[in-house]
Structure formats: structure tokens, C-alpha cells
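Asker: Pasting a structure below so you can have a look.
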Amino acid sequence: MLARSSLRATRALGAAKSGATKTAQRNASSQSSSESTGSWKDTALLGSSTAFAIGSVGWYYYQFGRPAYAMTVQEEGLHPAKYPWEHEKLYKTFDHGTLRRGFQVYREVCSSCHSLSRIPYRTLVGNMMTVDEAKGLAEEHEYDTEPNDEGEIEKRPGKLSDYIPNPYKNDEAARAANNGALPPDLSLMVKARHGGCNYIFSLLTGYPEEPPAGAVVASGLNFNPYFPGTGIAMARVLYDGLVDYEDGTKATTSQMAKDVVEFLNWSAEPEMDDRKRMGWKVMAIGGVLFAISIWVKRYKWVNVKTRRLLYDPPPMKGPNRPDNVTVGSSFRK
Ligand code: HEC
């Protein structure tokens, strides 16, 4: 079979070849008759159209083909590594021990510069501390009361419904205390920065001992390769042993950074655990409903799908009937 088909292919090739030779001969003979008419014009036309085609491809690539960067790589900052965050996995929740430690790091280190203005004390209850602990923390700060009968506003100790207070009276005071830079609110920081947890972790742990040779660091700024522009107004804040964890965890720089980042992830999306649980419920119930819907569909269609349609032509009458004269005629009637 193979041999035969290859034989046929060879024959076809031979035929094509002889055909091509014939055409070439014919071309040559026709060219020789009308010798040099327009040959340089043909060449020029061919050359210019080739140049035009190449030029337009080049122009198109120049316009649309190259990747466009809004910032240079240096301006954008070093891309953070991807860390295997436990709490980001689909079937994992926040670790509440971590949240408690992270809040401790925020309170003892970050809260002197950064506000956490979207977090009331009541949300800490059950997530990282008891009611009494949260009440005690709230009472450490004073808040304004409603105006009394004389219209005076007095001070009262904080309650669970109060929000974590800002370290500065206003943005201007914050800037004045930080060399002109405003420490941003950290409540939604994990969602507000490209790279989320990975970025903040890298930022906190990424301060080199010395800026690399050749790096230009403006006065009042600190070198951090992960920060866009590499010059950040926040100095390195986490050092080994800076806080005393009550659960005995060793407070290394990376441990504190990890804890505070997970805590900031909680503050940015406190509903994450509920959302994941709801997601699993939806998947489970949706899966069962889907299976049932397939079964119902098969149940409803079974009569249609298992039906066998036969075409039974009506018997022909008259002289054209093929078996009119044959033996079968009596059988058909
Ligand atoms: C001494 C004050 C100070 C402390 C303490 C401090 N920060 Fe900052 N932080 C700043 C300032 C100022 C900026 C603004 C930097 C800038 O814009 O150059 C900043 C910026 C940031 C940013 C935003 C970076 C960006 O991409 O814009 C994050 C995230 C951050 N700090 C996290 C923390 C965390 C977490 C802690 C606690 C572990 C902390 N900071 C402690 C002063 C501080």
C-alpha cells in the first residue's frame, strides 16, 4: 500500500517537474522576443514595494510592537519574591496567634507613625484578644464626648466602639514629624500596593546595611530596592528582638515582618475567612445541584434519546411501481 502510494507520488512529482520545465521554456521564449522592455521598471517596482512592505512592518512594530513602560525598571522598584503565605491558600484561614503577634508589632512599632483608622477596637475581640483586653486597650486613650448641656466637649476614656486613634492630629503634623513625608494609613495597605503581602514583607525586611555602590540616595531618604524610586522616607524599623512576644515566639526581623503583614492583611480584608467558608459552601451546594441537574436532564430526555425513528414509505401505486410485474408484488400488498 505504502509502496504503491509513494510510487504514485513520485510519478506526480515527475509530471509537475516536466510541467515546470515547459513553462520555464515558454517564459524564456516569450521574454527573448520582447527583450528589454520595462525590465528595470519591473525591478524598481519590485524593490520599492519590498522596501515599502518592510518599512510598514517596521513602522508598525515601532508604534505598537514594543512593550511600553510607564516607569523605568529602577523607578518601579525591585519586584518582590513570591512567598508561600499560609493564609492566602484557598482552604486556609488567618492564624489567630499570628494576628495577635502582628497587632502587637503594629501597636509597639508602627503605630507611632502610621494610623489604622478603619479598625475599631470591637473588631479585635474574638480575632486576637478577649473583650476585657480590648476594653483595656481602648481605655488607654481619651476620646471627645458629645457636647454636654453647656455645649462643652469633654474627654472620656475609649470604648470598644471607638476607632484606633491616629498618632498625629492631622496630615500636616504627620508630615512635619517625618521630614515632609506622610506615613500612609495602613488599614487597606495590603490591597493598596502592587504585590500586597509580598511587597510589604520585602519592604520591611529589604533594607540593606549600606546602599550599593553607585546608588544615589537623597538626604533624609533611605535606600530600599523594593520601594519605587529606591529612596524611602521610612527608615528600617524592625530589628531582631525589638518586641517581646508573650507566646515565646522568637522576635526575629522576618518573624515580626511576617506577623505584621498577616495582621495588615486581616485589617484590609477581615471578611476573608467568612468569604472562603461561603465559597466552599457555594461550591459544595452548587456541585450537588449541578449533578442533580444533569440527572434531571437525562431523565427528561430519555424518551427522546432512546427513540428509534424508522422511515416506512407508503406503497407506490400505478404502472411505475418497480415491483409491479415481479414476484414481490403480492408480498407488498
Ligand atoms: C518613624 C516613623 C515610621 C514608623 C515607626 C513606621 N513607618 Fe512606615 N512609613 C513611614 C513614612 C514616613 C512613610 C512614607 C514613605 C515615603 O513615602 O517615602 C512610610 C511608608 C510605609 C509604607 C508604604 C510604602 C509605599 O509603598 O508607599 C508601608 C507599607 C509602611 N510604611 C509600613 C510600616 C510598617 C508595617 C511599620 C511597622 C512595622 C512601619 N511602617 C513603621 C514612617 C514610619
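Numbers run from 1 along the shown chain.
Every residue gets a Cβ built from N, Cα and C, even glycine.
What TrEMBL says about a protein is an automatic prediction, not a curated fact.
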Asker: Figure out which of Met234, Met272, Met278, Met283 sits with Cys110, Cys113, His114 in the heme c site per TrEMBL.
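Answerer: Candidate in the recorded heme c site: Met234.
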Asker: What other residues of the same chain, not counting Cys110, Cys113, His114, Met234, have a CB atom within 8 A of the CB centroid of the heme c site?
Answerer: Val109, Ser111, Ser112, Pro183, Leu186, Val237
Asker: So if I exclude everything within five residues of the ends of the transmembrane segment (278-296), which remaining residues of that chain have a CB under 8 angstroms from its CBs? That is, six or more out.
Answerer: 90-91
Asker: The record names Cys110, Cys113, His114, Met234 as the residues that bind heme c; what is their largest Cα to Cα distance in Å?
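Answerer: Overall maximum Cα spacing for these binding residues reaches 11 Å.
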Asker: What does DSSP call Cys110 (heme c binding site) in the simple three-state scheme?
Answerer: helix
Asker: According to DSSP, which of helix, strand or coil covers Met234 (heme c binding site)?
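Answerer: Going by the DSSP assignment, Met234 (heme c binding site) belongs to neither helix nor strand, so it counts as coil.
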